[in-house]
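Colleague: Just passing along the structure, written as structure tokens.
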Amino acid sequence: MAKDQGVDEQLKLYLPDLPKGPLDRYREKASFDWRRMKLAYDNLNTLKLKHDIWSFMESHPLFKHTEATRVLDEERNIATKRMYTIYNEQFLRFEKIAEDPKTFQAESEALFMFDSSLAVKVSLTFRMFSNAIQGNGKSHHYPIIEDVEKAKIGGCFALTEVSHGSNAKGMRTTATYIPEKRQFVMHSADFEAAKCWVGSLGKCATHAIVYAMLISKGKNHGLHTFVVPIRDPKTLKPYPGVIVGDLGEKIGLNGVDNGFVMFNNYHLPKEAALDKLGGVDDNGDYKTPFRDPNKRFGAALGILSGGRVHITAISTYYLQKAIVIAIRYSAVRKQFGPENAKEETPVLEYQQQQIRLLPYLAATYAMKIFSVWLSCLHINMTISSYVGEDPNAAARGIELHALSSAVKPLFGWTSRDGIQNCREACGGHGYLKAAAIGDLRNDNDANCTYEGENSLLLQQASNWLLAVWPRRDHLQPADSPLGSLSFLQDADQLLQEKCSWNTVQEFTEPANLIHAYKWLTAFMLKMTAEKVALLKSKGKDNFSAKNESQSYNAVTLSMVYGENYVLNNFYKAAQEFDDANCRAVLLKLVALYGAFLLEKHLATLYIGGYLTGEQGLCLRDGILQLCAQLTPEAVSLVDSLAPPDFCLKSVLGMSDGEAYKHIQSSVMTYPGSMTRPEWWRDVVYWQSYAPSKL
């Protein structure tokens, strides 16, 4: 009991009481402690870290918000100044991450909740650049990492080219080794070979991790990584032989200076090659510890798994903010009501509003818990790889690649759809920039294409699953150290089953939904394997057979595979949560998330003969019932997810619930809101530029 009291005291220290106001009527209905619910994905270390970062930002003038929209150069400038200011504080050192991997995502969340561009620039300039050198370089490269850590230089990551992105083997930037000079000559044949979409390269980066085709003695040894000086760190002027520029304004994330770079016979010392996985000796002879070139290529791109892992979290942050705004606003926005009622009804009480928002609230919790788990897994795997401790490292890495290739699209698209639902659920006021949902939608859009275009990533996941299917009866635990293939246990027997539940209650039991998803995942894999085999039997080659098996088969398979794993992870976390009141609510969220996902696949469940039409109706009734049961909990559930108001920055979603007062303040104080425009004469004397025909 004393321990619980101590935890509660610390929670209150990092999470102050919420202001009294219109949201109280819902907060008083909650059956759980909103602070305690945070421990489903946070701990006291992470809460303290976020509190410290947010307190620093709130008290620092550089982080003060402005109502006016900044021009592009100002957006770049403020994001960069904030980046160095935050990095200089060293809130999170590597030693702390090693002790508690959850802190890595906590820092990321703290930054993303305030400003996405700031968070992206910190990650690219310091973290991803250093990680690439650590993973692909050798000890003589480590001084570069030290320079990054001291912010003497700034890095970026250059893989994508103008005419090639997904097909990394088609990249055209070359690095040709000259033995007599012990140098590489890096060259871009034309603009189509220019590296592009490189974050932090447009204006700021001094060095880049560049992927280029290594050529020696006339032979192309494939894609390799090089650490390449781009600009003089003292002047920020590009070096001779480097053509570098900014891509300009984007849909979102405009504080990030995405750039392009071309090389004109640019000479680099031999030591520029990050040759841990393969490279040339002084004479130009190629050496690699890998016998299979494809495995070396896969290892060279291994850092991209880390990027996909991080994007699962980034997508979650955007949806997290949007769902907080939409549910708080829905709780205070009142429209219509029964005849003779004393007051109108909060729109959150309407069934259609509930089904638009509450499944995405459940999804946010599922994504939040999973993304923290996945981040910790990746960090622990990375640390183990440095010290060589994990005997299952290869199998774990392959499974993580497949899993992240499925989950990254799942989370990006869930956030895309959820944010749009939140925007529309807020009605016309949701279209205000001051509502903040539009910026979330635009920033999240990048998650659907960077670090791997979603549809292509799903193909990579399905390729692995298809390779596993023929040996499903002989799988060992070592083949799936992360357990994502557990749905294949007794798959042939499982696929003979039909659903036996016939009541709404049975269709809202998490264990039943988990079982149904196991069947669905196995069925989709079987169907996809049979489709590929059928096409091959008709004379299609492997490429064509897989290409013609994507729609309705392989792509859906990968989505279902990711959904199944996330749902199981959510259920396990909910069952293990030690607070009984929170656990009961979490299990309802698990049920809603599972039913929401399963309902999207009703057609497939009918095709496979697993469900009947009547059972499908029970599933839908169960979703509506769960939404109604969770409505009284909804405001406290988003209170647990919400960042401080100064991070949320939404007139509709502030913690005091005074949406109309905040709208009034925003529109009344917006620069120029109530003044005559300088171009007023163009209104009054319009005939001066458009002679009247009226």
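Just so it is clear, glycine is given a Cβ too, placed from its N, Cα and C backbone atoms.
Sharing the features that TrEMBL gives for it:
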type	residues	note
ACT_SITE	GLU451	active site, proton acceptor
BINDING	THR160, GLY199	FAD binding site
DOMAIN	156-265	domain 'Acyl-CoA oxidase/dehydrogenase middle'
DOMAIN	304-466	domain 'Acyl-CoA oxidase C-alpha1'
DOMAIN	510-683	domain 'Acyl-CoA oxidase C-terminal'
Colleague: Determine the mean pLDDT over the domain 'Acyl-CoA oxidase/dehydrogenase middle' (156-265), rounding to the nearest whole number.
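Modeller: When the pLDDT values over the domain 'Acyl-CoA oxidase/dehydrogenase middle' (156-265) are averaged, the result is 96.
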Colleague: Considering the recorded positions THR160, GLU451, which residue's Cβ sits among the greatest number of other Cβ atoms within 10 Å?
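Modeller: It comes out as GLU451.
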Colleague: How far is it from GLY199 (FAD binding site) to GLU451 (active site, proton acceptor), counting Cα to Cα, in Å?
Modeller: 12
Colleague: Ten-angstrom check, please: count other Cβ atoms within 10 Å of the Cβ of GLY199 (FAD binding site), all chains counted.
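Modeller: There are 24 of them.
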Colleague: Pull the DSSP breakdown for the domain 'Acyl-CoA oxidase/dehydrogenase middle' (156-265) and write it out as helix, strand, coil residue counts.
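Modeller: Reading the DSSP string over the domain 'Acyl-CoA oxidase/dehydrogenase middle' (156-265) gives 6 helix, 50 strand, 54 coil.
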